[in-house]
Each structure stands twice: as structure tokens, then as C-alpha cells.
């Protein structure tokens, strides 16, 4: 999806692919630097632009900087070790210190922004990060390993019911109840400390007939749910999209790439809110709501009782910042505060939706890069109201 991403960032329309181009000395923001792939492509596409790149992962950022140095473009990149949700505050010192153009003018606004919600291959393949069920590593999953709740904490300290709700709500895992039961039974005798231990428990929880019919590893959704919870990724997409939109220049664009149905629902709903289409933010169509859990009538009775709660706040002081309330799901009726530093939305500016339906990879791209199969691209453009 690199070509499509660059087209949207360059303000080209899909109907007329030869029109438009980057502004001279444009400044772009990569909200998820990863190992530097998208940043590198943006810099290659135009030799005069700069990129301000955010990432929460210091180790990944170090790898990216080495890659950009080898490509000879390091001097056009400014990195920020932090969450792109905090872009309005974190960008302030850079607006004053970064100069672009022959006249040395300071940066005051961003000409385009990108967020890629996928994990980097580096994060997946390094067992020590605890993000993959392939291999054996500590049950961590934090992008920023200097603090915060880890997957170990969630797996070993949440109640069985909370684990079930987390795995189902965040990843649509139909076997969430059995998986939570097996985890709870196992940890009564021994804490679950490694990715291989958890993967084996999840595999045992899913019936053999179901496992053999599936082309994906049985632990895929459980690991995804834990990663999403540990890194608060749904709310990062929601609040990050608002924060990045607020720092864009007029007519600049925000492009977001997602890799799961729930992530895409989150971005769709957030973009509708940014475009002023949702009133208070909770009036969304049924098409954006999560699917119902596929359980037996006996199971659904207790599950429905828990799902009717106003919020899924997790027990214990250490989980006070975590919630299973999702940005796209109106039944919780929960709005986290607008990111600090964001002002004027709906009064002086709003966003125009450019993708009524998500852009998806072509068959040719999927054939050359199977990992792109689930990718969906959505984009918005900033409109000034005054």
C-alpha cells in the first residue's frame, strides 16, 4: 500500500493520478516510525521534504535511524520518542527549532501525516519483545518497555471473566470463554510467564476440529487482544487521529493504515466524528458495531449480563488506566477526554473524508506481499471553516 499512501499524502486524486505533488520543502509526520519504511519512502519520493517521526519503541527507533543513515536521508528526519496522541504538545519545541527552506523559516504546521497500526517485522521476530507466539520469550508485549502494564500482568492478574471479555471484545475471539477458563485453571498451579506457555494453553483450549480447519495459529486472536490492551491501541488510533488532524496545515491529509476489523471500525468512526457527521460521537451506524459473540445459549446468559455494564473497567489499582470500552462501540457511552492541545474542531476546522470505503491492496500486491492482505487505508483532508 506504499504507492496508495504516497498518492494521498501528495494530495493526488485517484481519478487523476498525475495531478498534484508535494509542496516544496513540505514537512510530513510519521506517527509510527517503526523501522523507518514509510518515512524512507516519503523522503525518497521528494528530495526536499522533511519528516518528523514518532514512536514509543526506543529500540525500534534506533534500528530505524540506522537504516535512514545508511540510505543517506538521516539529516532530513527528526525523531520524537513518544506517543503521537501527544503530538500537539511534543511538536512545540520542534516547531521553534526546526528550520526548512532556503529562508530558514520555522516549521509551524504539518503538510501531511501517516499512521500505520501494524507491528514491524522487527517487533514480531524478536522473541524478547513477547509479541509473537512463534518462538519463546517473556510475556511482555509493551512497545515502551520502561513502564506500564505488561501482558504478564493481564494474563496472571485479571479475573477469568475479565480475561474472557478482553479476548472477545478486543479481538472477536469466539472461543474467549474456553481460553479464559484454561488460563485461569493453569495459573492456579503456575504463573504463565512466557509466550510459548500461553500459546500452548490457548491451543489446548480450542477444539481440535476447529484448529485443524483454520489456516491461522489458534493463539493469533488472543495475542492480538493482549497486545491491543497493553498498548491501548484503539484509543491511540482514535485520539491520535484527532491530535494529528489538529496540527495539519489547511488541505493537508491524514492517512491511517489498519489491519483488523476493529481497528478499521475505530478509524471509520473517528473520521466521521472529525468530519462532523456523528453529533456527540456516539451516533454511529450498525455497520460499525462489533459482531455478536458466537456462544451457546447457556454461555450467553452470563456473558450478556457482563456486557450490559456501562463500562468494562478492570479490577485492581494497577489496571486503573485500562478499559475494555472501545471507541467505535456506542453501547458503552464512554468518551475519553479530547487530547491535550487540540482546539477548534468543528469551529475553525474539520476533516473531509476522502475514502467512503477503505482502500485495500490489489491482488498483485497481495501476491507479492502476503502480509498486506488485511491492510485497509482511510484518509481525510483538513478543511478550514473560517
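The backbone N, Cα and C atoms fix where each Cβ goes, and this holds for glycine too.
Looking at 237-269, 270-302, 303-335, the range annotated in TrEMBL as region 'Disordered' turns out to be 270-302. Neighbour counts were taken as the number of other C-beta atoms within 10 angstroms of each residue's C-beta; across the binding-site residues 55, 116, the minimum falls on 116.
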